[in-house]
Amino acid sequence: MTLIAVIDYDMGNLHSACKGLETVGAVPKITDSPLDLEKADAIVLPGVGSFDPAVRQIRSRHLEKPIKAAIANGKPFLGICLGLQILFETSEEGQEAGLGIIPGTVRRFRSEPGITIPHMGWNQLDFTQPDHALWQGLPPHPHVYFVHSYYVDPLDSHLTAATVTHGSQTVTAAIARDRLVAVQFHPEKSSTNGLKILANFVQQVQKLALVS
């Protein structure tokens, strides 16, 4: 049984993420308990909404330290959408300090002719870490589902695992560092490709459990 703690911090509906994880064979547990994060085999941090309320909710529930400890200790971690953005230090969207786990900032798309903001709908990924386990078994340029006006800009470009292009702007769509992965798109809303990404994440968790 692969137990995955899905962090509840009142930032979006967690049902879709849980359903996706269940579909690929994991046992998700929605929780805001630091003890549950410690006991789980892996952690998923989803989220929809704005940067400042999100980090305030994380801190008011005393989840910042447990999240940082889990990542530092090598527990597999998947951030989704807002759950990617709040890992960064700052955001152009708000005033609060982010969790600061990934050096860098969150920036807003520039307005330009022919594009809409938010970037919403299906778009192609371009892999910059093509051999990463998260992408195993996917086509070279898979379509996934996005809804966002802001994107992450890591100081270390080597952390970028995939990019997406909106108009003339090519931005980070996923990051990977050790056992931390986080994506701007919604795998749970990305049909077959999204389920494959979730399955790859769960498979890596299971492999780790076998050797530990």
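Each residue, glycine too, has its Cβ placed from N, Cα and C.
DSSP assigns Cys81 (active site, nucleophile) to coil in the three-state reduction, placing it in neither a helix nor a strand. Taking Cβ-Cβ distances under 8 Å and a sequence gap of 6 or more within the same chain, the neighbours of Cys81 (active site, nucleophile) are Gly12, Pro46, Gly47, Val48, Val147, His148, Val183, Gln184, Phe185, His186. The feature active site, nucleophile is assigned by Swiss-Prot to Cys81.
The active site annotation in Swiss-Prot covers His186 (among others). A coil conformation is recorded for His186 (active site) in the three-state DSSP classification, outside any helix or strand. If you draw a 10 Å sphere around the CB of His186 (active site), it holds 20 other CB atoms from the protein chains shown.
Glu188 (active site): 24 other CB atoms within 10 A of its CB, across all protein chains. Under the heading active site, Swiss-Prot lists Glu188 (among others).
Annotation comment: Swiss-Prot describes 3-211 as domain 'Glutamine amidotransferase type-1', evidence class sequence analysis. A mean pLDDT of 97 is what the model gives for the domain 'Glutamine amidotransferase type-1' (3-211).
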